[in-house]
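These come from Swiss-Prot:
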REGION    1-21  region 'Disordered'
COMPBIAS  1-10  compositional bias 'Gly residues'
DOMAIN    144-394  domain 'ABC transporter 1'
CARBOHYD  235  N-linked glycosylation site
CARBOHYD  318  N-linked glycosylation site
TRANSMEM  505-525  transmembrane segment
TRANSMEM  539-559  transmembrane segment
TRANSMEM  589-609  transmembrane segment
TRANSMEM  614-634  transmembrane segment
TRANSMEM  648-668  transmembrane segment
CARBOHYD  742  N-linked glycosylation site
TRANSMEM  757-777  transmembrane segment
DOMAIN    845-1087  domain 'ABC transporter 2'
BINDING   881, 882, 883, 884, 885, 886, 887, 888  ATP binding site
TRANSMEM  1193-1213  transmembrane segment
TRANSMEM  1227-1247  transmembrane segment
TRANSMEM  1268-1288  transmembrane segment
TRANSMEM  1314-1334  transmembrane segment
TRANSMEM  1353-1373  transmembrane segment
CARBOHYD  1434  N-linked glycosylation site
TRANSMEM  1465-1485  transmembrane segment
REGION    1493-1529  region 'Disordered'
């Protein structure tokens, strides 16, 4: 819907009535306009009638405008509660529309858009099927891609074939077809979204004189495409989200003399009123993880946002998904009104279109596997196919009939037409093109093109109208409305709104950095102004500069979180992506300034860095500048990549390179010539140099240790002793700071401000890259629906299709072959299975007076209110109700799946209480199709069968049963297909079938629950699913199924109905009856209006009880049920079931138990069907398979290990045993530890994927134990850790040359083997540590942040940056607790102990002995006490002394001793065991429900079953507390 002035001229609104109580302002009714105007409620009328009516309205409005009968100023200066107040119950949309039309007359005619298309051919490049990538075959993919690149070979895939059509301004087109037929591609092509799809040169499109190139560029935003997914900033309120859209497209000169901001606010209020979301003004939008508005309301926010874009041509792709049919009809009616009075053209794809919605449209296009089989008036379509020879059942709606034609199993030829009707898509298309209707269409297209020549009069008017709305500061061909500065300002305001809405990350980072500053400040507390602090000052500044630099690394994740939203807004022409980039960077500046001040103040003055104003402010300046530079660098990486994985992989290596070549770990003098360029390109290096110069320049430091010193040297004076520090001069008691950094680091004071200038240059360079990349590089193209198979298992039929280049695109639809009729014919060879294989059930499940109470925000709320019912074998029972009635909650309560709150009432199986085995004996098909994406269909079914069927059944029998279920569900054609993700894997229907299959193969002994099995499916697929359920019930399956607004044909498939009103109150429980007559009779006799002939009973019932939008009922239907004789009969039947079945069940049970051994009886009632050892074996195999089939995980792990090890190894290549060489070897171990964080973050997402599946589906169904889940995930990581350890060992140990240190000791092999074991322990510790941290935490991101904090602590206190001798006493416990202490101790002592030191020339200290003494005589006492050696023992002047002779002396400075090697190795095993035990313990504490699920034996009526809050995990607590709102849909 386009709204006046936002896009162009005139908008039409319905009134929203707000109600009290639970609905609180949800649209209860949209009152019809008071004027008599038939088009509001009747089906779409003829074009002639509508043209007359619009002309009449225009003349009437013009007369009113001239005569001034209705003051248009009242539009914006209305009184509260008047008929122009959008928040008022009296809001009159028609009057508002008339006034807005008058007000906008002054700005010229409204823009209108229509289009014609001839020979529309669209293709992509891809295939219909692909093979699954694994660790083993991934290299082959690279070779194949290289071959294709060299040969320029692309596989062209045709999506749309030769389509024709015309859509005049003010007309509405509905596009019908099953998923994969090309509906999405058609809409995207019309709207100009050509990302990954291509238009053939022969295709012709004409947008009323505007070319496709102009629509896609200059007029982007005038034709928009709205996808079915809802992408919004979750923490912004609905009001903020829609205000932004309204302001972004507000015209330059709003009517009524008001400001743009006031105008945008008014438009927002009106559009919210129209879509019934005024009550959500201050509610956050939310998403799948953040609670906000309900799913249906979020969908309406998406629709409202697109409406505010004001495009004259709008394409809506399944935008009614998630809305019930009543709201879907309202949406279509609103589009109809816009089309009639403004001239908006709409093209809408709807999967389950109610008849009333279909009647709103002028034209329909029917697609069948990429072929157009009809395009014309909606009133002509049905007759066209009936004349062709097809039968339309009387109870079938026209849209369902048209969609059914694309399914061979659903379409029915009329008598006498068998064999004469078309059967393939190509035959249908050929028949269409031979028809008279097609010739009429071609004539209409020709007329349209003659009327609107390219760049004719209409184009000029369109251009003028658009230009009048744009800012004067915009170039003529800009698609945007606001100037660039205006866009930045708008995005900046939104940025601060987002910050205020969710400051948690910012505050957490501020607090975390403050804590880190305190810790580091205390470690290096009050450094003395002596030479003993030189190393510590360097280490401190190194750590400080890294904290400033890498504080922005998380910005990669933040940018990817908002990328989809920014790209959507760019398509709507709200703003330049680069404007949002500028605003985003500016929004972060206040945080960065505050963080810099807090961090600098704390660290700088605690550690006694140079306490002078100039140096302090320079320290802050460099820290802040470097923070900004690195922020832009990370943002550039995110913007240059198309997926998060592409961004994170180079970022990890880049961070390592930047740290290595800062100048501390490897100083400039020791950098290899071939790697020196990395230092020149490293921004951190320039910052570090400036901070070192800032600290050391022009300062004299007292010498803390002279050589020689001690007994016998008390009288040494002048040049007879020298300070033991680089830069010292013999005889001087102080060391000049400049001399020290010149000699040790090659840093010079002249570089101080030069480096600042270089940092500014880096900032400008990265900012330019960031803004350019943001503007031009879009996210990864979405792949089409293609099936994926393990290598060697792709069916021949699909291989043949791929070869012939017909199928899907990279972009959207490939499901047309993946599940299409052609494939089914060619691949399916097996006969259909008989549903008789389903285990026939005999138990009756009944419930009585079920009540469920929970607390929300400490307020008690009743979700279910005394609900009664039963499910008998061989019956299909529907559970229906309004949104929020508690349908899903009732299923969860009955299936024992709620984990908090209080449940009361009776739930009996054959009159007896449910036992601990109840959950595994029932099947629960959830609404979300959750499966492990790396498994194949057959493997997913086998996994469920092996673990959930009785352990007494052999594996062979279980596998045979799986094959039967595959046939029954008609899944054998894709039994070997990989589940994958939507788009690359199974399509929606196939996933739903698999979800049902997983529960069926478990042989549920009691019943099957299904939650919304048809949600999001097209009508054809929904029908197939219902037929399948019907087939199951005919063979004894008991089924209870929630369903949302079924069509009349679907509704007839159910035997019984349980209908709930809001608050979980029963409205009806009983039989439906043939033609729904029992149900209809009940409601009619209790006061409902008569059900019209041919009406959908489900929709009639909702309207009759006042549950549909626009409906009202004076009857209290819950009370009517309570007082009804039908309820009395239900209660009588429940008592009978309990009495008769209870006795029978007990007797049958005892007989059955007598026939079985004790162990068999125990197994029958056990919590799990399989023993623990079997669970471990099966689950471990699946986890291992998941790793093997996720090559991105294993190869990125291997790449990180190999490349990091090689990078470190060759940066410290062949490090010698000079003092600097030893320091290099120390830092080579330290730098190897820095990959710990990245390795941890690679492990966590894989674990959370498995955990989500386990906790949502497998744990509630008692598939296997939580202990098995944790242990199998840990064990599966160990082999990969060992393999990666070997990779690191060979690429790191040998290049550095550690093995050469062992040659003098004769223990080369022993020490090499010991180093190998230590590296393995490092990686095993890493794997177990990662799982321990993530075990109890909801998201991998949060766990990653905690792991990084702990890792940083371990790194600081391991004894490298701050040797134990310099640590304050209260931090010594951290030194002893840190596992890295023992790793450093073991690895470094194994690497360099027991070897001689050979000083380099610059490390030699020069002094003169007393006259008459040789150097050897003078220094002998000192050497015997403290070690070291003389180069020239016999000299009498200029003694050259090296302060170390053995590497053991160097190691002793860091408290490292070779004798501890086996102690350290044993302690590391202790840490690993601790991690495993802690992982199990933390998971149990945080995420395992503590209620065991056992129930008391039958007690008198009213017994309470208390379900204590079972989990401390916030996520679980929230999901249960949502029972009343979102899950109770």
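Each residue, glycine too, has its Cβ placed from N, Cα and C.
Not measured: the values here are computed from a predicted model.
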Inter-residue C-alpha distance, residue 887 (ATP binding site) and residue 1434 (N-linked glycosylation site) (nearest angstrom): 97
Alpha-carbon spacing, residue 885 (ATP binding site) to residue 318 (N-linked glycosylation site), which is rounded to whole Å: 25
The one of 235, 318, 742, 888, 1434 whose CB sees the fewest other CB atoms within 10 Å, among these recorded positions: 1434
Candidate ranges 539-559, 648-668, 1193-1213, 1227-1247, 1353-1373 - greatest C-beta contact count to the transmembrane segment (1314-1334) (under 8 angstroms): 1227-1247
Same-chain residues at least 6 apart in sequence whose Cβ lies under 8 Å from residue 881 (ATP binding site): 887, 1059, 1060, 1061, 1062, 1067
DSSP state at residue 742 (N-linked glycosylation site), helix/strand/coil: helix
Between residue 888 (ATP binding site) and residue 235 (N-linked glycosylation site): CA-CA distance (Å): 26
Tertiary contacts of the transmembrane segment (757-777) (same chain, 6+ residues out, Cβ under 8 Å): 566, 576-578, 580-582, 585, 622, 625-626, 628-629, 632-633, 635-636, 639-640, 642, 683, 686-687
Mapped DSSP class for residue 881 (ATP binding site), helix or strand or coil: strand
Inter-residue Cα distance where the pair is residue 318 (N-linked glycosylation site) and residue 882 (ATP binding site), in Å: 21
Binding-site residues listed as 882, 885, least Cβ neighbours within 10 Å: 882
Proximity of the transmembrane segment (539-559) to the transmembrane segment (1227-1247), 3+ C-beta pairs under 8 angstroms: no
Same-chain residues at least 6 beyond the ends of the transmembrane segment (1465-1485) whose Cβ lies under 8 Å from its Cβ atoms: 1266-1267, 1270-1271, 1274, 1314, 1317-1318, 1321, 1324-1325, 1328-1329, 1331-1332, 1335-1336, 1379, 1382-1383, 1386, 1512
Candidate nearest residue 1434 (N-linked glycosylation site) in space, where candidates are the recorded positions 318, 742, 886, 888 and distance is Cα-Cα: 742
Residues of the parent chain within Cβ reach of the transmembrane segment (505-525), under 8 Å, 6 or more residues beyond its termini: 499, 536, 539-540, 543-544, 547, 551, 554, 591, 594-595, 598-599, 602-603, 606-608, 1345, 1349, 1352-1353, 1356-1357, 1361-1362, 1366-1368, 1370-1371
Stretch contact, the transmembrane segment (1268-1288) with the transmembrane segment (1193-1213), Cβ-Cβ under 8 Å, 3+ pairs: yes
Cβ packing number for residue 886 (ATP binding site), 10 Å threshold: 30
